[in-house]
Amino acid sequence: MARREGEVTETLLKKSTENRGEDRDGLGMKEKVWRESKKLWVVAGPAIFTRFSTSGLSLISQAFIGHLGSTELAAYSITLTVLLRFSNGILLGMASALETLCGQAYGAKQYHMLGIYLQRSWIVLTGCTICLMPIYIFAGPILLALGQEERLVRVARIIALWVIGINISFVPSFTCQMFLQAQSKNKIIAYVAAVSLGVHVFLSWLLVVHFDFGIAGAMTSSLVAHWLPNIAQVLFVTCGGCTETWRGFSWLAFKDLWPVFKLSVSSGGMICLELWYNSILILLTGNLKNAEVALNALAICININALEMMVAFGFMAAASVRVSNEIGSGNSNGAKFATMVVVSTSLSIGIIFFFIFLFLRERVSYIFTTSEAVATQVADLSPLLAFSILLNSIQPVLSGVAVGAGWQKYVTVVNLACYYLVGIPSGLFLGYVVGLQVKGVWLGMIFGIFVQTCVLTVMTMRTDWDQQVSSSLKRLNRWVEPESPSRNQTLQNE
């Protein structure tokens, strides 16, 4: 064992030394930025499109269910907002550990380890999904305990049982996305996402409108639309699309599960604290004066912000992939340069959106409402919306850098402190004590994001990238397995 680990270390050090020389290639700054930008957009472009397509699945279901009745629409919205968003955040966060592991292993040219990491992540996330299943099975009592009306709960608990299949679909969906992104092969994800979107529209019309199957028809279409891209991705991975990185099912997937689980939990905590933050914002404004108008205006602003966040999350994925690849390859300067390029690109786009929404003000609200009172409130909130969009062009990207470098544990603490010890108390104070109402609540929570962004910026600027390469090397040295496993370890030959 010691001899094998020594050989692995020697191999990785050799590759690390070779890759450090890549910076001395004689290219000027303009050429380097252009080359890095192309690598960046190979990941970011498909990731952004996939995010929009995935969000489109829920919007399409919501549109067709909305025609069945207001009770059905409210029940569907509650199920997705309260139950699915909760479990989605946990699974997406835990799957992001795969970005760190696969990205660094791919950069180190330990290609065979990507398939093993993928299988380990399948095992960890499947166990997590089973643990989350009771929230859907007992959705009725849970929603009643949260104060929802009984007539809504009767419909919601039926929808919740259908959503179990969607929740399970997140396991292959998130893990295969991370696996393919690490290799910059995520175009296939965008293609199948586009196909599933079209299939969902057709099936929803056929089952809900033409055959009048109601909720059962809408949820059947949603299940098919969620599983179709998963089947395509798994087939692509296992049937020849990733010959270097997929060597077949292996017993090694059951080895070193505890370290993978710990990294997954750290990643889950980091992402969940971010995804649940806006949900808490909605809850905090529910008891304010003129709450209906405030909530409608805030919902419009959050929907606009969420659309822009799709772009930011695309750059977050690109940052994670580029940083992890460069760290894994031993190119510390490359990791630093990739960080600078992705942050600059995302910030430039954020500045454009900042001025667009700052000057559009209430005009954009008429896309969502005809109420003058709501439009006026949106105009009042537009500076906060514009500033949120500007911060969102930086903060998720820095989180992506953290994922690529493997800092999830530290960023979880930062998120907890900035969001829940700074942002929420500030929002409560400004909204309820000072009396700024919804503007005060949002302003306080933006302050939490601002503090978090400042902390992550300082962390990134003070990072010793050579030390990050060394830490990555140690992790690879601990977890890497022989490139040609013996027959008793492999379930499927190459």
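Sequential numbering from 1, following the chain as shown.
Note that Cβ sites are derived from N, Cα and C of the backbone, with glycine treated the same way.
Per Swiss-Prot, the features are as follows:
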- 1-25: region 'Disordered' (REGION)
- 40-60: transmembrane segment (TRANSMEM)
- 74-94: transmembrane segment (TRANSMEM)
- 123-143: transmembrane segment (TRANSMEM)
- 158-178: transmembrane segment (TRANSMEM)
- 188-208: transmembrane segment (TRANSMEM)
- 223-243: transmembrane segment (TRANSMEM)
- 268-288: transmembrane segment (TRANSMEM)
- 297-317: transmembrane segment (TRANSMEM)
- 340-360: transmembrane segment (TRANSMEM)
- 384-404: transmembrane segment (TRANSMEM)
- 416-436: transmembrane segment (TRANSMEM)
- 441-461: transmembrane segment (TRANSMEM)
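Between the transmembrane segment (384-404) and the listed ranges 40-60, 158-178, 188-208, 416-436, 441-461, the one holding the most Cβ pairs under 8 Å is 441-461. Contact between the transmembrane segment (158-178) and the transmembrane segment (441-461) is not supported: fewer than 3 Cβ pairs lie under 8 Å, counting only residues 6 or more apart in sequence. Scored by C-beta pairs under 8 angstroms, the transmembrane segment (340-360) has its highest count with 40-60, from the stretches 40-60, 123-143, 188-208, 441-461. Listed as Cβ neighbours of the transmembrane segment (123-143) (distance under 8 Å, sequence separation of 6 or more from its ends, same chain) are residues 78-79, 82-83, 86-87, 90-91, 94-95, 152-154, 156-157, 160-161, 163-164, 167-168, 170-171, 174-175, 253-254, 257, 260-261, 264.
For the transmembrane segment (40-60), the residues of the chain that approach it from at least six positions outside its boundaries are 80, 177, 181, 184, 186-187, 189-190, 193-194, 196-197, 200-201, 204, 222, 225-226, 306, 310-311, 313-315, 317-318, 321-322, 338, 341-342, 345, judged by C-beta separation under 8 angstroms. Sequence-distant neighbours of the transmembrane segment (297-317) (same chain, 6+ residues past either end, Cβ-Cβ under 8 Å): 40, 43-45, 47-48, 51-52, 55, 99, 181, 186, 278, 281-282, 285, 342, 345-346, 349-350, 353, 357, 364-365, 368-369, 374, 377-378, 380-382, 384-385, 388-389, 392-393, 395-397, 399-400, 403, 438, 442.
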